[in-house]
Amino acid sequence: MTDGARQRSGTSGSAKDAAGEKESGGGVALKKEIGLVSACGIIVGNIIGSGIFVSPKGVMENASSVGMALIVWIVTGVITAIGALCYAELGVTIPKSGGDYAYVKDIFGGLAGFLRLWIAVLVIYPTNQAVIALTFSNYVLQPLFPTCFPPENGLRLLAAVCLLLLTWVNCSSVRWATRVQDVFTAGKLLALALIIIMGLVQICKGEYYWLEPANAFEPFQEYDVGLIALAFLQGSFAYGGWNFLNYVTEELVDPYPERDTCQVCWP
């Protein structure tokens, strides 16, 4: 009697384990801890990064006029929106973490995926994070040196500490990483809101000479194709980060859209 009860209990437990294993994909999976708010925070926090506070100067200098600078921002924004829509489709079609690596590996094979990952780990992401960390340290130390530039060694040391701290947070807990991301995203949004409000105040005071159509394309230096291309590069860097959510697809609570919201009647 007891053996039968144990056997039935074991069968029920095995069925539950099998069902749970089937739901998780039949293997070890990342814990789903990233909700909708944190997912939006990852995208917004990575797009609105240090680039938005650095790139406008480069765009304006290389575009040679205010009107051309506005065109650069609009074109790079449209290209970024198209790329984000494509990645949203890829994210629900291939629901795997890894972003570019996962897609290249599934489509072109393991060698191409390995090369993409190797280039990203050794070249792309270290340089990108180094620029962001140096920008952060420059903003932190600049008020301490109002009459001169901060020392290079101090900038590098603070940037290295920042990178090590964020690496430790990301390795320790996904939840804490998303919380830190949310806090810094809110801070960057507040800073941008302050800049926008001050710009609107200046426009209301009559400071809109360079925004008038007759003066917008008046160059303050000769137009150059190479400089304009560099302006597009600066604008693209400011929009960078729109694909970061696809690197943690498996950690999203619900990566799929609601399928019941759109009723389509097929013949």
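Placed from the backbone N, Cα and C atoms, the Cβ positions cover glycine too.
All annotation found in TrEMBL is predicted automatically rather than curated by experts.
Feature annotations, courtesy of TrEMBL:
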type     : residues : note
REGION   : 1-23     : region 'Disordered'
TRANSMEM : 34-54    : transmembrane segment
TRANSMEM : 66-88    : transmembrane segment
TRANSMEM : 115-137  : transmembrane segment
TRANSMEM : 157-177  : transmembrane segment
TRANSMEM : 189-211  : transmembrane segment
TRANSMEM : 223-242  : transmembrane segment
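Ranked by number of Cβ pairs under 8 Å to the transmembrane segment (189-211), the listed stretches 34-54, 115-137, 157-177, 223-242 are led by 34-54. Packing against the transmembrane segment (34-54) from elsewhere in the chain are residues 131-132, 135-136, 139, 174, 178, 181-182, 184-185, 188-189, 191-192, 237-242, 244-245, 248, 251-253: each is 6 or more residues past its ends and has a CB under 8 Å from a CB in it. Only residues 6 or more beyond the boundaries of the transmembrane segment (115-137), in the same chain, are considered here, and those with a CB under 8 A from a CB of the stretch are 49-51, 53-54, 100-101, 104-105, 150, 154-156, 158-160, 162-163, 240.
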